[in-house]
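Copied over from Swiss-Prot:
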ACT_SITE  E288  active site, proton acceptor
ACT_SITE  K358  active site
ACT_SITE  C416  active site, nucleophile
DOMAIN    221-507  domain 'CN hydrolase'
TRANSMEM  27-47  transmembrane segment
TRANSMEM  53-73  transmembrane segment
TRANSMEM  86-106  transmembrane segment
TRANSMEM  114-134  transmembrane segment
TRANSMEM  153-173  transmembrane segment
TRANSMEM  187-207  transmembrane segment
TRANSMEM  519-539  transmembrane segment
Amino acid sequence: MLCTAPLVSSAASAVLLAFAIPNEFWLAGSSVLGLGALVPLYVGFLLSPAKKHVACSYGLFVALVHACSSFWLKNFQGFALFTLGASTVGYFFYALPFGVAFACILRKQAPARACAFALVWTLWEWVKSTGILAYPWGTVPMTAHSLSHLIQIADITGVWGLSFLIPLANACVAESLHFFIKKRDSVPVFRLWLLTGCLYCLCSLYGAYRIATLGAPRTTLALAIVQQNADPWDTXSFEKNLTTAIHLTETALRTQTAPPLPTTPYRKEKTLTHASARAPVDMVVWSESSLRYPYEQYRHVYNALPAARPFSAFLRTLGAPLLVGTPLRLSGNSTKGGYANAVALLRPDGHVAQVYGKMQMVPFAEFIPWGHMTSVQRLAQMLAGFSESWTPGPGPRLFHVPCAAGGSVRFATPICYEDAFPSLCAALHTQGSELLINLTNDSWSKTASAEWQHYVVSLFRAIELRTTLVRSTNSGYTVVIGPEGKTRAAFPLFQATSAVLHVPVYPVVRTYYARMRDWVIVLCALIFFAEGVRMAVHTRRHSTTQAESSLQQIRGEHV
């Protein structure tokens, strides 16, 4: 029988973390709650009698956090059993080895034990956010976006520095509770608080310095950004959605006024300056999948629809290129599903100037892991009603657009949840990009928390790379994020709206994270491996010593 105490504490921590992450009750989440959400879990680990209890309680914790914070996955085209159910069960088993690792570190004393807890937690969040099953949601940095000074360390450590610091703070609180319960020596707990306090102070001071020395943008890019608030997957509304996007674009170009900053974000930010009347626009930006059918193969459709104002005719009147989401047929690909989820830069004459195909796709939604296996295809068809998926794009692409303010601007276009992946965005940015423009379709989620969670996950990319991030979505959260992670302008959620914004473009900076990428993870893995070897050697020596002692005792008895 499994001990119920660690399971109850795991469930309590899961609920607390789900509330600390942006949710339907507190749209911004709670950074304070995030600094204490893991305390019940940690105390439960300390009170657990066996490794299997710790492992199972951690698996339960991960599964519950996923189910509670990403419950909106159930709305993905009616595939709730597949997208939410299968992933929740999968994460339970995926987390079990890390539960065993947590059980092993409980043998240490307070300061070392707490640091080891934070180290293993960091490795877990990296594993969860990497590879074929990558899904970087439900992580502790999602609770910290309001700590504007602390999160600036992301340009050195990436988001992984926060994956270490936040569990460390939780461990401090938990160790203090454990001290009062067990009446142990207070010196180790004091040392732990001193270490954690120093780390937080140093990181906050660094953050204050980085914000104060941000510098001025080298130019601005006038973007007409359109939020259609329409579901692009609804093929019956294809013509209506296209008409809406065209109308919103023309409204933005005609009025050229910027929206007020929504009151939802709690920080007081400066709204971007808007373009003056009839000022030239450098580029029009629509959202992911705005062109439901592949543009190149369906030009005849876009020449005829919408009937009142065909898309091709509208394009010729723009006077600026259009950045838009559309499926892309991958040339030379003869396999099933040879289409990529793509972003295309269309010139007013209808020519495709540049295109980028999405490389990182949502597991169990945009692609089926191990989908090349016939048995997996049959299972997916039976459970979800589909067995084919998108094909990854050929690789990073750098876009160029002329700027009315002078020269041109280079930018990269991570698609949808690609802006949640630090290494991928760094690979796109280090080609020479001065700006990240993300095109997203989150309308299917039908929840405000899903929109805000995506925004929170993505804002760390702006800090890591010290670049402006523009998120153009079809329902929210459409937002411009500065290199310090602050909101410069935003549209209200689930409203059809548009505006022309002057987006600041900063000089290209190669941050330490951009150069070294996930060095924190490498360091954590080396420490974890070295400590594992040390513990194994120590255990073997201890067993050998015990065996020799027992043998000598037996010999002595015979004598």
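Each residue's number is its place along the chain shown, starting with 1.
From the backbone N, Cα and C atoms, a Cβ is placed for every residue, glycine too.
Since this is a predicted model, take the numbers as computed values, not measurements.
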Margin query: Over the span of the domain 'CN hydrolase' (221-507), how high is the average pLDDT in this prediction?
Written below: 86
Next item on the list: For the transmembrane segment (114-134), name the stretch out of 27-47, 153-173, 187-207, 519-539 with the most CB-CB pairs under 8 Å.
Entry: 153-173
Checklist line | the residue listed as 'active site, proton acceptor' versus the residue listed as 'active site, nucleophile' - Cα distance in angstrom | finding: 7
Check: What stretch in 27-47, 153-173, 519-539 has the biggest tally of Cβ pairs under 8 Å against the transmembrane segment (187-207)?
Finding: 153-173
Check: Which of the three DSSP states, helix, strand or coil, fits K358 (active site)?
Finding: coil
Next item on the list: Look up the residue listed as 'active site, proton acceptor' in the DSSP assignment and report helix, strand or coil.
Entry: coil
Note to self: If I take the alpha carbons of the residue listed as 'active site' and E288 (active site, proton acceptor), what is the distance between them in whole Å?
What the structure shows: 11
Check: Just how many other Cβ atoms lie inside 10 Å of the Cβ on the residue listed as 'active site'?
Finding: 25
Next item on the list: Only counting partners 6 or more residues apart, tell me which same-chain residues put their Cβ under 8 Å from the Cβ of E288 (active site, proton acceptor).
Entry: P232, G325, N341, V343, I415, C416, L439, T440, N441, T473, N474
